[in-house]
């Protein structure tokens, strides 16, 4: 059993903790929290609570939440740390991990240079093998890699042009925006293009990003120039070999991200998460070697399976297909067509 500590229990950290706890070959040794809030109160029922340092202990004790120790105590009891702290904090934390000689996974908000490899389970599982420091790429990059990898593998890719309509913030965040505006990123390509190349080496790609006043999901409009001609059926069949890509058909009645998240609720998933990248089959258009499609991305959860697979790769205990199958089985990710 791999002993996994979770430093940071926000949107990603709490989901990774849950996913790790479901695996047969891993155990959660504890989580690090900074505030004795409602999240800490609920989490303390399932996980041991640790704090960044002793100065945080009294606030937790006053709230009636037992503290097991500091992050250094958690490191002592773990073999790897998943650092899901806010963007930029992981870089500060890395010094401690290096000093204590413990493996660590960082999330996509950190710069690629923080790690020895960036990671996506489908496109570059082997690059994280036996590494000490790995970065799981962002939700948007994960989504693009998921659907582009099968196309590159089967047809080859000459060029990708993706427009990313980003959600403004997560559902539980009442501080960020925009609330009543559309906010384009004026840097073209957006940061997603170079980030995608960290897990799909040499890919010729450009991206445009636009923030929209919604909290539910991102939406991508993707245009791909393949190296060889394909049909619409060829493209869809390539995706159907991968469980983490979900085909949404006309008969589903799903035409919005609101309905897409309602589908996740109907699955009965923990936190109503949709780990899969949902591609509207009606949107798939193929003319010769040019492919266009639209996909929806649940930014809170699509990177969660990747974190689990990254752990196995770093400890060299499974190949890609076996690890992905193990993870998918526990998270109830199945081949689905709607």
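Cβ atoms are placed via backbone N, Cα and C, with glycine included.
Record check: Swiss-Prot places 11, 12, 167, 299 at the NAD(+) site, and the matching candidate among 69, 109 is 109.
The Cβ of residue 192 (D-glyceraldehyde 3-phosphate binding site) lies under 8 Å from the Cβ of 138, 140, 141, 144, 162, 164, 207, 209, each of these being in the same chain and 6 or more residues away along the sequence. Across 11, 12, 109, 167, 299, which the record gives as binding NAD(+), the greatest C-alpha separation is 16 Å.
According to DSSP, residue 169 (D-glyceraldehyde 3-phosphate binding site) sits in a coil region rather than a helix or strand. Excluding 11, 12, 109, 167, 299, which define the NAD(+) site, the same chain contributes 138, 139, 170, 300, 303 within 8 Å (Cβ to the Cβ centroid), listed in sequence order. Our reading of the D-glyceraldehyde 3-phosphate binding annotation (138, 139, 140, 169, 192, 193) yields a largest Cα to Cα distance of 21 angstrom. On its own chain, residue 167 (NAD(+) binding site) has 211, 212, 214, 215, 216, 217, 218, 299 as residues at least 6 apart in sequence with a Cβ closer than 8 Å to its own Cβ. The local packing around residue 109 (NAD(+) binding site), expressed as other Cβ atoms within 10 Å of its Cβ over all shown chains, amounts to 16.
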